[in-house]
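In Swiss-Prot this protein carries:
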- Gly169, Asp170, Arg171, Gln172, Thr173, Gly174, Lys175, Thr176: ATP binding site (BINDING)
- Ser362: site 'Required for activity' (SITE)
Amino acid sequence: MNIKPEEITSIIRQQIENFNTNIETIDSGTIIQIGDGIARVYGLEDCMEGELIEFPNDVYGMALNLEQDNVGCVLLGSEEGIKEGNVVKRTKKVVEVPVGEALVGRVVNSLGMPIDGKGPVLTTETRDVEVPAPGVIDRQSVKEPLQTGIKAIDSMIPIGKGQRELIIGDRQTGKTAIAMDTILNQKGKDVICIYVAIGQKQSTVAHIVNDLTKMGAMDYTIVVSSTASDSAPLQYLAPYAGCSMGEYFMHKGKDVLIVYDDLSKHAVAYRTMSLLLRRPPGREAYPGDVFYLHSRLLERSARLSEKLGGGSLTALPIVETLAGDVTAYIPTNVISITDGQIFLESELFNAGQRPAVNAGISVSRVGGNAQIKAMKQVAGTLRLELAQYRELAAFSQFGSDLDKESVKRLEKGKRLVEILKQPQYGPMPVEKEIIILYAAVSNHLIDIPVNKIKEFEKELFNYIDTHYRDIGKDILEHKQLTDELKSKLDKAINDFKNVFLSEI
């Protein structure tokens with residue numbers, strides 16, 4: 001057998017030419033401890049804080065503790081089948097969620113995966129979960145109102161687009177109801193709403209989604225749900241994921257409303273993670289950076305400058321108190337971060353005043369600039385008159401004789417309190433709020449019996465819609481009560497009052 005050296009040479013040359021020199025380097029580590037949804041990994045030398053780590057069984061984790069000899073990761077899925085000695089890999093990416101129009105009308109989890117059984121979310125765009133908040137130059141002041149449709153709030157504690165307004169109160173005082181009514185009131189106003197449920201019962205979230213669907217509000221709403229059965233890391237991520245979804249629309253120049261329900265459970269989830277990661281506990285066993293946990297989330301709400309499109313992200317964080325104690329750690333933290341708070345009281349709620357807003361300690365620090373002039377005109381003295389009424393009501397319980405002026409104030413106060421009551425799922429257009437508040441403040445209701453006020457209000461709107469339809473249009477158009485408009489309103493109210501009183 002003749003072996004020709006030229007043939008061997010050509011074969012070797014061909015092999016060398018076809019040899020692929022692609023070398024793939026994978027930064028990997030080894031699990032040295034796992035349990036309670038926390039994994040400690042040896043290796044991963046150049047790992048970033050918040051980086052996604054790939055575990056076996058298609059489970060991902062997030063690196064949170066970067067220590068000298070190991071990395072502490074929280075698992076974003078089940079730890080079943082993962083054991084010590086398994087190899088994990090770096091992805092060199094941080095946690096991101098899908099964003100875009102395709103999410104509107106859907107119910108998703110903290111990672112943006114659909115959980116409503118309506119198929120995949122058809123979007124290719126993603127956004128990091130943790131994004132720095134816009135700087136001072138990138139913002140403009142809050143000057144446009146975001147109407148909640150709730151008389152007590154729009155008049156005394158107004159909310160502007162780009163504001164952070166805390167809703168705080170004990171359990172079962174109607175906190176979620178206020179947030180829901182605000183979402184319902186955005187119908188037809190080109191506002192995208194995001195409801196983030198953190199640590200809620202699955203049945204509660206299903207009930208909320210059902211109500212939103214029934215009222216036609218899911219057409220402009222995204223629900224991000226991380227229920228009580230989800231792991232602490234998923235509950236921790238939920239508000240940041242919802243915020244990133246909202247920021248996508250904000251940077252497109254749209255107005256967004258986001259509700260975090262609630263941040264007390266969010267802080268508890270973060271405390272759970274921190275204690276399992278062996279971070280030192282502080283006050284109430286929360287870690288030292290629990291203030292930063294919420295401040296970096298809420299600072300992302302803003303009204304962007306015109307140069308950046310003028311979009312806005314308005315936040316309504318909810319915090320639950322225990323026995324009305326607003327001096328606890330999380331409530332004081334969030335009060336100091338937000339631009340005001342709506343305080344709900346169990347006593348008022350149980351006494352039948354719903355929404356149970358305590359106007360005395362509720363405040364909106366920036367919303368006043370956003371209020372339309374007509375509302376300022378009717379609501380200017382409202383808070384003071386209510387405060388005087390409460391003082392007089394407490395004083396009159398001692399049965400002492402009151403002068404005529406005090407009796408008059410008491411009677412007016414009773415009617416104001418009655419006017420501010422409102423049923424759930426009954427948000428009111430701003431022009432109707434102004435009409436009825438004008439009637440109350442201008443002493444038009446003083447001769448209407450208190451138990452007939454609700455009936456009077458309902459029938460007054462029907463009467464105005466039939467006989468004085470242009471009043472509402474004029475209020476929306478001029479955004480202030482001119483002398484001409486006031487006299488027209490006086491005439492309409494008096495005309496109807498005569499009819500109403502004759503029928504009683």
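The backbone N, Cα and C atoms fix where each Cβ goes, and this holds for glycine too.
Remember, it's a predicted structure, so these values are computed and weren't measured experimentally.
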Between Thr173 (ATP binding site) and Ser362 (site 'Required for activity'), the C-alpha gap once rounded to whole angstrom:
15
Show which residues of the chain containing Gly174 (ATP binding site), separated from it by at least 6 in sequence, have their CB under 8 Å from its CB.
Leu344, Phe349, Arg354, Pro355, Ala356, Gln424
Go through Arg171, Lys175, the listed binding-site residues, and name the one with the sparsest Cβ surroundings, counting other Cβ atoms within 10 Å.
Arg171
By CA distance, which of the binding-site residues (Gly169, Asp170, Arg171, Gln172, Thr176) lies nearest to Ser362 (site 'Required for activity')?
Gly169
Given a 10 Å Cβ-Cβ cut-off, pick out the one of the binding-site residues Gln172, Thr173 that has the most other Cβ atoms nearby.
Thr173
For Gly169 (ATP binding site), write down the residues of its own chain that are at least 6 apart in sequence and whose Cβ falls under 8 Å from its Cβ; none is a fine answer.
Lys175, Glu320, Thr321, Gly324, Phe343, Leu344, Glu345, Ser346, Ala356
Cβ within 8 Å of the mean position of the Cβ atoms of Gly169, Asp170, Arg171, Gln172, Thr173, Gly174, Lys175, Thr176: remaining residues of the chain near ATP:
Glu320, Leu344, Ser346, Phe349, Ala356
For the recorded positions Asp170, Ser362, which one has its C-beta crowded by the most other C-beta atoms within 10 angstroms?
Ser362
Using Cβ-Cβ distances, find the residues under 8 Å from Thr176 (ATP binding site) that belong to the same chain and are at least 6 apart in sequence, listing them in sequence order.
Ile208, Asp261, Ile318
Return one of helix, strand or coil for Ser362 (site 'Required for activity'), based on DSSP.
coil
